[in-house]
Amino acid sequence: MDEENGVRSRQQGNSSRNTLASKTIRSSDRDARALAKHGKRQQLDRNFGIISAIAFNSIILSCWEAIATTIGAGFLNGGPVSLIYGFLLSWTGTLALCLSLAEMASIAPISSAQYHFVAMLTPPGASKLLSWLSGWITVFAWQSNIASVGYLAATQIQALVMLNYESYVYERWHGSMLFCAVVMVSICVNVFGIKILPQLETIAGILHVCLFFVFLVPFIYLSPHPTAAAVFTDFENHSGWNNNVVSWCIGLLTVTYPLIGFEGVCHLSEEIKDAPMTVPRSMVLSFVINGVLAFAFLIALLFGVPDIEGALNSPTKSPIVEIMYQIFQSKIAATAVVGLFVVVLFCVVMGMVASTSRLTWAFARDNGLPFSRTIAYVHPLYKIPVNAILLNALIAMLINLINIASSTAFSALVSLTTVSLYASYILPIAIMIQRRLRNDEPNFGPYTLGRYGLLVNVIAILWGTFAVIFEVFPTEMPVTAANMNYASLVFGSAVIFSLVTWFLYGGKTFQGPVNELDEGSVAFI
């Protein structure tokens with residue numbers, strides 16, 4: 001009897017292993033078919049599964065952490081009313097954007113994402129120019145994203161130094177140097193630690209959730225609480241804008257910026273197992289999880305801030321550092337908690353460097369950038385685009401120089417990132433709407449919006465357009481050279497530069513996504 005049980009147990013074990021192997025083969029086959037369908041061959045290792053993909057995208061989003069560091073602009077423009085109701089509006093609109101791009105990612109799980117979606121959906125006559133513009137805008141948007149989050153990490157370190165060393169004299173260029181250090185660490189991890197990056201991002205995802213409760217508990221139990229009316233009905237306008245509606249809309253910047261970058265995992269599509277399903281699922285699940293955490297954190301923060309005026313005018317220049325110091329009444333405790341917060345921001349930058357480098361590599365692979373062959377080089381040992389990593393780090397450092405020129409540098413970086421990414425989202429969704437209205441829908445992947453697709457796409461476009469308009473407004477009045485919002489100037493310059501390069505050489509040499517399996521342009525199905 002024991003022998004029979006042993007045989008049965010071994011058979012069950014073999015059956016389980018065979019089932020797992022069968023699922024792995026099916027997943028691998030689906031990935032191979034998805035790449036082949038779009039004319040691409042496998043060049044990068046697929047190290048990410050569903051859990052690590054969700055963790056990776058959750059860390060890139062880090063919504064509640066972003067709210068903690070951008071809260072000052074919301075208090076200046078609209079106060080609690082702008083933050084709470086603005087967040088709900090922003091989350092709903094951005095969810096529509098997320099769902100729209102998730103559907104496209106299931107059709108084409110390619111690292112180039114938005115640029116590839118545009119090329120795939122646009123009629124041949126306009127495909128090359130629009131996909132060229134989309135590629136340049138998306139690459140620039142993610143380079144700006146690295147700059148904005150790296151700036152956050154650097155300035156929180158600077159704030160902790162000011163909290164603990166009163167003799168320290170604040171200089172904006174110090175923050176820029178700290179930013180360079182943050183990016184250099186991220187480069188090292190992305191190059192030499194690439195094999196363990198999925199595990200690092202999973203650990204960071206766990207820290208992201210655990211730290212949420214570390215912040216939440218003091219707000220609930222250690223702070224005096226205002227009335228519910230003060231939190232849910234109080235409108236504040238300290239920005240200098242005479243029009244309260246405009247001020248409220250500008251305050252949306254605080255709750256719009258934390259929700260962008262939801263498609264970050266798309267740019268790792270060629271390193272994710274069963275990408276046609278895993279990528280869209282990880283996009284939507286990570287967005288929903290982060291949205292719930294962010295809204296809970298926002299409510300707790302508004303009920304738990306002891307002194308809003310003190311936080312906004314803190315000598316540390318960081319409201320969240322001042323708030324934690326007010327609550328704990330201890331520099332050591334505040335430093336420890338915010339220090340863990342900075343660790344999460346480091347992990348965000350690491351993820352963004354990875355995501356942006358894959359996007360840049362994919363665009364260069366299709367000859368969309370100057371020196372494309374050099375940028376698209378994949379290191380034979382590490383199996384990563386090292387040159388693309390270094391290029392993006394350099395450009396992010398240059399963008400971060402805005403910090404030296406402007407006292408409202410962060411608002412400018414946030415606006416620049418949000419406007420650029422929203423533009424990259426709006427273009428493929430607008431084309432998808434046109435295809436749907438013509439009853440000329442593409443062959444969808446396993447993840448589709450079905451009959452709700454057109455409605456979701458329209459909501460996404462309406463919200464995206466509304467948000468972009470107010471992202472470029474100055475956050476304070478009167479406008480001076482020091483507090484000017486340079487987002488529109490920098491973004492406009494990037495678009496003009498991409499058009500100039502198109503007319504100089506792109507229009508002659510760029511053919512859209514290259515078919516690596518056969519010479520000529522890819523035939524989208």
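Note that Cβ sites are derived from N, Cα and C of the backbone, with glycine treated the same way.
Copied over from TrEMBL:
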type: COMPBIAS; residues: 8-23; note: compositional bias 'Polar residues'
type: REGION; residues: 1-23; note: region 'Disordered'
type: TRANSMEM; residues: 48-76; note: transmembrane segment
type: TRANSMEM; residues: 82-108; note: transmembrane segment
type: TRANSMEM; residues: 129-153; note: transmembrane segment
type: TRANSMEM; residues: 173-194; note: transmembrane segment
type: TRANSMEM; residues: 206-225; note: transmembrane segment
type: TRANSMEM; residues: 245-262; note: transmembrane segment
type: TRANSMEM; residues: 283-305; note: transmembrane segment
type: TRANSMEM; residues: 332-355; note: transmembrane segment
type: TRANSMEM; residues: 381-402; note: transmembrane segment
type: TRANSMEM; residues: 408-433; note: transmembrane segment
type: TRANSMEM; residues: 454-474; note: transmembrane segment
type: TRANSMEM; residues: 486-505; note: transmembrane segment
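With a threshold of 8 Å between CB atoms, the same-chain residues lying at least 6 positions outside the transmembrane segment (173-194) that come near it are 146-147, 150-151, 153-155, 157-158, 200, 346, 349-350, 352-354, 357, 382-384, 386, 389-390, 393, 396-397, 400-401, 403-404.
Cβ atoms under 8 Å from those of the transmembrane segment (245-262) belong to residues 57, 60-67, 70-74, 76-79, 81-83, 86-87, 89-91, 94, 97-98, 101, 145, 148, 235, 237, 239, 283, 286-287, 290-291, 294, 298, 352, 411, 414-415, 417-418, 421-422, 467, 470-471, 473, 475 of the same chain, restricted to positions at least 6 beyond its ends. Among the listed stretches 48-76, 82-108, 129-153, 206-225, 283-305, the one sharing the most Cβ pairs under 8 Å with the transmembrane segment (381-402) is 129-153. Beyond the ends of the transmembrane segment (408-433), by six or more residues, the same chain brings 70, 73, 97, 100-101, 104, 114, 117-118, 121-122, 130, 133-134, 137-138, 140-142, 144-145, 147-148, 151-152, 155, 172, 253, 256-257, 260-261, 263, 399-400, 402, 453-454, 457-458, 460-461, 464-465, 467-468, 471-472, 474-476, 482-488, 490-491, 494 to within a C-beta distance below 8 angstroms of the stretch. Remote same-chain partners of the transmembrane segment (129-153), defined as residues 6 or more beyond its termini with a Cβ less than 8 Å from a stretch Cβ, comprise 66, 69, 112-119, 122, 175, 178-179, 182-183, 186, 257, 260-261, 267, 342, 345-346, 348-349, 352-353, 355-356, 359-360, 363, 366, 368-369, 392-393, 395-397, 399-400, 402-403, 409-410, 413-414, 416-417, 420-421, 423-424, 427-428, 431, 491, 494-495, 497-499, 501-502, 506-507, 510, 512-513. By the Cβ criterion (under 8 Å, sequence separation of 6 or more), the transmembrane segment (283-305) is in contact with the transmembrane segment (48-76), since 3+ such pairs are found.
Below 8 angstroms of C-beta separation, residues 55, 58-59, 62, 64-65, 68, 293, 296-297, 300-301, 303-306, 324, 327-328, 337, 340-341, 343-344, 347 of the same chain, each at least six residues beyond the ends of the transmembrane segment (206-225), sit close to that stretch. Long-range contacts of the transmembrane segment (454-474) within the same chain: residues 89-90, 92-94, 96-97, 99-100, 246, 249-250, 252-253, 256, 408, 415, 418-419, 422-423, 425-426, 429-430, 432-433, 436-437, 483-485, 487-488, 491, each at least 6 residues beyond the stretch ends and with a Cβ under 8 Å from a Cβ of the stretch.
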